[in-house]
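A.B. asks: Next up is a structure, given as structure tokens.
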Amino acid sequence: MGVDQPLGENIITTSLDSLVNWARKSSIWPMTFGLACCAIEMMATGAAKHDLDRFGIIFRASPRQADCIIIAGTVTKKMLPVIKTVYEQMPEPKWVVAMGACACSGGVFDTYSVVQGIDEALPVDVYIPGCPPRPEALLYGLMKLQDKIANERNSFGSSIGLGERLEPAA
């Protein structure tokens, strides 16, 4: 299974990290978790005018099919265990986007019942400020998430050199 002939003109070499990260960033499947008015702007982002599909971003209704969760709106302390459960059901690797002032910092609701930022419970990768943020802001935030994914280091072990043979695992 090794390379028996020299590389031709139409051959591209790359690292496995780059290839996997390109595939991951080109097919983000977010789980929507709209809790307030930010959810309306999130729905507008998925509509024809902004068309998230052109970026490979397709909303999923099941956490088991999603690799990103967009927390949009006010998170109450009663809702927090549900959000954590949904997050735990998502397969690895997974990313979190906090959309809106309420998800980022609690917004104007400085009360005992509102979580003052979802980052108290989940590791947030991208913050999108605004009340509510415009669809363009969500698009920009998702493109920043794509940039972050493209630069991640994966742990795929050692690389296989050119001309080396792969042996099946025992």
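Here the Cβ of each residue, glycine as well, is placed from N, Cα and C on the backbone.
When I checked Swiss-Prot for this same protein, it listed these features:
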BINDING   CYS37, CYS38, CYS102, CYS131  [4Fe-4S] cluster binding site
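How about a rundown of where these features are and what they're close to?
C.D. replies: In the three-state DSSP scheme, CYS131 ([4Fe-4S] cluster binding site) is classed as coil.
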A.B. asks: Give me the long-range Cβ neighbours of CYS131 ([4Fe-4S] cluster binding site): same chain, 6+ apart, Cβ under 8 Å, in sequence order.
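C.D. replies: Same-chain residues close to CYS131 ([4Fe-4S] cluster binding site) (Cβ under 8 Å, separated by 6 or more) are GLY100, ALA101, CYS102, GLY107, VAL108.
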A.B. asks: Specify the secondary structure state of CYS38 ([4Fe-4S] cluster binding site) as given by DSSP, simplified to three classes.
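C.D. replies: In the DSSP reduction, CYS38 ([4Fe-4S] cluster binding site) maps to helix.
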A.B. asks: Long-range neighbours only, meaning 6 or more apart in sequence with Cβ under 8 Å: which ones does CYS37 ([4Fe-4S] cluster binding site) have?
C.D. replies: GLY73, GLY100, PRO132
A.B. asks: Other than CYS37, CYS38, CYS102, CYS131 themselves, what residues in this chain have Cβ atoms within 8 Å of the centroid of the [4Fe-4S] cluster site's Cβ atoms?
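C.D. replies: Going along the sequence, the neighbours come out as ALA36, ALA72, GLY73, THR74, MET99, GLY100, ALA101, ALA103, GLY107, GLY130, PRO132, PRO133.
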